[in-house]
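Heads up, the thing below is written out as C-alpha cells.
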Amino acid sequence: MSSTSGKSLTFSPRPSALSFDIGTCSLSCPDGQGWIGGGNCHDCPSDAPYSPAGSYACSSTPPYYSCPAGSSNPSQGETEDACVPCTGGTFSSSNSESCTPCTAGTFSGPSSSSCAPCAAGRYCPTEGSSTDQGAGPCAAGRYCPAGSSTDQGAGPCAAGRYCPAGSSTDQGAGPCAAGRYCPEGSSTDQGAGPCAAAYYCPQGSATSQGAGACTAAGEYSPPGSGSCHICPAGTYLSDPGTSPDLHDSVDDCQICPSGTYNPDAGTSALFHDKVDDCTVCPAGTYNADQATSASYHISCTACSPGSKLEDDGVDASNHDTVDDCVGCGPGYFSNEDVGVDKCPEGEVSPAGASVCSSCPAGYDCSEGTVPCATGKYSNGDTSGGEEPTPSCVACEKGFRCPGGTDRIECLAGTHQPSGSSSTCLPCGAGKFQQGRGMEICDECLEGYFCPERTVNPIACGSVALFCEAGATIVVAASSGHYTTPATAEAVTTRTSQTICEPGFACIGGVKTSCDGPGQYSDETGLSACKSSPAGKKPTSNRQGTEICPAGTYSIGGADECSTCGEGERSEEGAAGCSTCSTCVPGKYKISGCSADTETQCGDCLKGKASMGGEATSCTECNSDGRYSDEDGASICKTAPAGSKPTSNRQGTEICPAGTYSVGGADKCSTCGEGERSEEGAAGCSTCSTCVPGKYKISGCSADTETQCGDCLKGKASMGGEATSCTECSGDGQYADEMGLAACKTAPAGTKPTSDRQGVESCPAGTFSVGGANECSDCGSGETTDVGAAGCRTCATCGTGKYKISDCSLGSETQCSDCPKNTFTISGATDINGCEDCPAGGHSQPGSGYCNQCLSGKYYEEETNDCKLCPAGTYTATGGVDLEACIACDDGFYSSDPGSSTCFTCAPGKFTNDDQTDCLLCPSGKISGVASSECTVCEIGKFAENEGSVECKFCNTEEIIKGSFQKASRRP
C-alpha cells in the first residue's frame, strides 16, 4: 500500500471485472468521488454527481434504476420494481431517490410530478396537502386566492364589500347592504354597523358616512338609512346643513305653524326646506292646531255653515282659530234689511239663520234669549215665569255638548275626562276605547298596536312582528331572533322577541331547527343555519361539526360522511377521496391517467373557463356579464360595474355616456328621463341642480349635465331650480361679484351704488352705520372724513401745527405746519404760538421739537440730517448750516471730517493750503510750532533732512543760500 497527499488511493490486486490497468493494480475512490489524476480522489461535479463506492469515475447516470417523475427509488434498486409512487401531498421529478412534500399553499394527488395551488377560497397551511380543499375555508372577512397558506389569505375584504368564510376575491359575496357600512375586512352584508345619523349609505358603502350627508334643507336621515328622507306632509326643515344633529330624525322636521298646511307627502325636499312651504289656509278654512301634530297640518278645516272667512291665503293669523270664521252664530239672524243682529228677548235662532223663532228647548231664556253655551245642554227644566224656560246644565264626562239641546256620547276611540266640553278627545297613540261615552282610554294590549283614535286594538299581524303593551306601531323581529309566545294561537299577536339558541336559525320572527342536510348552528342569534364545510358533518345535536374520520369524506352540506370507494383513500377531514389526479382549475382533461401515465390536462383559452377536475372541455363564458380575459381561467369573471363583456367574451368594454351597468350584465342600460351618466358609470344620477350663486340655463340630457350660469353683479340666487337671479334691491343690499348666493349688506361708512354692483364711501360730512341705501348728514359742530361710520367733534391742531381756520360741515379744522426752525409741542392757535429753536438747533416745518447737531457737525437741509464738517474745518458746538464749520487757523489742521477742534503743526512741518494736513519742510528749510510755511536757512547754514527744525553751519568756503552739505563732501 502507498499513500499520496489528499485522500488516500487504495491499490489492490486487480479484480477480474475491472479493466483499468495501472501495472498490476486497480484504483477505487469513496462514494461520490472519482479519480481525476495526480493520484488523488476528488468530489464529483454537479453535472456528473454519481460515483458509487469502489468506482474511480464520476457519471451523470445514477448507479441504480432511474424511476419516472411521480415516483422515487428509496432503496436504490436496479430494476423497475424498486420504483415507489409518490403519495398524495408529495411529488418528484425523474431519477429521484425520494418524493418531496408540497409546500404550504399547494397540494398534489398520488404519483404527482408537481404541486398545484390550493383551491381559491380555501387554504393549505402545512406541507404535504393532498387535496385542493386544504384545512378549511378562508376566514370570514378575508379572501384567499388560489395558493393561500393561511386562513388570512391575501388580505382583508375590500371596503364596501363583505366576505363570508371561503371567499376567493376581495369582492367577496357582494356589496354591503343599503343602510349599513362595511370597512375593510367585513364578513357579512351588515358590516360594522348602521349608517351614521344624518348620512345615507347606499349598497356598497365603506364608511359610516356612506355616500354623503342628508343635511340639505328639507332632508333628514335616521341611523341605518340607505337614502335621504324628505320631511313628511305638514312639516318643514329650514336648516341648510349647519349641523348633522339637526337632520338625524323625523322629529327634526318642524310642524307647520297654526293657520298653515303643507299637503306634500315627501315628494321633494324643495317643498319642505323653509317655513314658507307651509301654505296659508285658503278662504273659508282655518287650522287652529298649535304645531302639536303634523297630521293636523296636511289640510285645513272648513268653516261651519253660516259663517265665512274671506282672507284667501294671505295672512296665517286670519286662519289660526275657529273664531276667524265669522257670520250668523246661534242667537243671531241676518237678512238684507237689518244685516246681522241679535234675536229679541224670548226668541232664538240657529247658526246662519235669517229670522228668529220662539225660544225652543236648548236655549236659556231666563235673561234674554241665549243658546246653551258650548259644554252645556238643555235638561228641559223651567226657571219660573208664565212660560216654560229651559235652562242649560254642564255636559257630563264622556259626553260632548256643542251647545243647545245636544248632549252627544263620545264615540268609540275617543274620550272626555273632564266634562263641560264641546269636543271629545281622540285616544292617544298606544291606547284604545271600544265603548261610547267613556271618560278614559285603555292601554293597548300585548300583541296589539294602537295608533291614535283606535277603537279596537289591531293585531301585530304576523310572526315577523311583535307588539309590547302600549305599542303605537309594530316592531319587526331582529335578525337572529324569534317572536314569542311561539304558539299557534298567538300567530298574529306576538308580544316580544328572544335570541335564537344554538341548533336553530331565526329569520322573520320564526325559529327553525337546523335539521336540513348538513345544517348546524354553533352560536346564538343566527339568522340562517350554517352548512357543514367539506371534510365535516354536523354533530347529533346540530350545535357544531365533527371531522370525518380517515377513510371517509364529505364535500360539505351532508349529514353523514361518505365511505371512499374501492381503490380510493382519504385522510381525516377529507373533502374527497384520492384516485388519479384531476385537472387543476383553469384546465380540462385531454386524456385520463393509466398505469404509467398521469392525467393530461390543457389550458382553457380566453373566453372560456373550467374548474378542472374531470371536465373534458372548458365552458363558454356566455352567461350574463361573464367573460375570461386570460388563458387558464378557473371561473368566468363578471363584468364590473360600468362595463359589459366584449362580443368574443375575452374582455370588457366601458359603457358609453348616457348608459350604465351595475355589473354582471351583457348590455349597458340607457339612463331614464331626467338622468345622466358619465362614461363607465355604475348607475345614473339625477340631473343636478344649480349651486348657490347660479341659475339654471338649461336642463341636463342623457350625457350632458344641467347648464348653470353665474348671477351677474347686483343680483344673487340660492341656486336649485331657479331660472333667474334676484335683484339686490333691499336696504343696503348689493352684489360686487358674480356668482353670489345672497346679496351683501353695505358696511359702515358706505352705501350701495345706484346699480347695486358695489358700494361707495360716504362723502365727508356724512356717515352710515351700514345696511342703508343713503348716507346721513353730520350735526352742527361735527364732521367726518370720507367713509365714516359716525360723526366726531371737530379736532384741535396737533404737535408741530398751528390753526388756520375752524372746521365746518364736511371739513375738518384747517391746520398748517409751523415754519422751519420753529416748533410747538401741543399745537398752537396761531402762527405766533410756533417757538424759535434755541441757538444751534434746527427743525423741519411741522416739528414738535428741535434737533441739535453735535460738535464737529452741521445741519444739511437737503438731506434733513447732520453732516460732518469737512476736513480743514471744525465746530465746537454743532451748527445750523455749513457756514458754522470754521476753517482752521494758519499752522493748525484737521485731517478728518467732523472735527470739534484743530490740531497744532509740530516743528519741522507746515500746513497745506486747505489746512487738512501738516507737511515736512523740504531740505534747506525749517519751521517752528504752528507754522503755515517753512523758512530758508541763512547763508552759511544748511538743513540736511526734510522736517528739520534748525539750520546748521556749513563747513565749506563756498556758501550758496539754501544749500546743504555734509562734513564728508562738498557741493
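FYI, residue positions are counted from 1 along the chain as it appears here.
Positions of Cβ are set from backbone N, Cα and C atoms, glycine also.
Residues annotated as disulfide bond in TrEMBL: C580-C593, C583-C601, C687-C700, C690-C708. What TrEMBL lists as domain 'TNFR-Cys' is 563-601, 670-708. Feature annotation from TrEMBL assigns repeat 'TNFR-Cys' to 563-601, 670-708.
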Original post:
Got a sec? Which of these disulfide-bonded residues, C687, C708, has the most Cβ atoms within 10 Å?
Top reply: C708
Original post:
Could you give the mean pLDDT over the domain 'TNFR-Cys' (670-708), rounded to a whole number?
Top reply: 86
**OP:** Grab the same-chain neighbours of the repeat 'TNFR-Cys' (670-708) for me: Cβ-Cβ under 8 Å, and only residues 6 or more beyond its ends, written as numbers and ranges.
**Re:** 641-643, 654-663, 716-725, 738-742
**OP:** List the Cα distance (Å, whole number) between C690 (disulfide bond) and C700 (disulfide bond).
**Re:** 11
**OP:** Would you mind checking how many other C-beta atoms are within 10 angstroms of the C-beta on C700 (disulfide bond)?
**Re:** 18
Original post:
How big is the gap, in Å, between the Cα of C687 (disulfide bond) and that of C583 (disulfide bond), rounded to a whole number?
Top reply: 52
Subject >> the domain 'TNFR-Cys' (670-708): DSSP-derived helix, strand, coil residue counts >> reply: 0 helix, 13 strand, 26 coil
**OP:** Could you measure between C708 (disulfide bond) and C700 (disulfide bond) for me? Cα positions, answer in whole angstrom.
**Re:** 10
Subject >> Sparsest-packed of the listed disulfide-bonded residues (C583, C601) - C-beta count within 10 angstroms >> reply: C601
**OP:** Going by DSSP, give the three-state secondary structure for C583 (disulfide bond).
**Re:** strand
**OP:** Measure from the Cβ of C690 (disulfide bond) and count the other Cβ atoms within 10 Å, all protein chains considered.
**Re:** 22
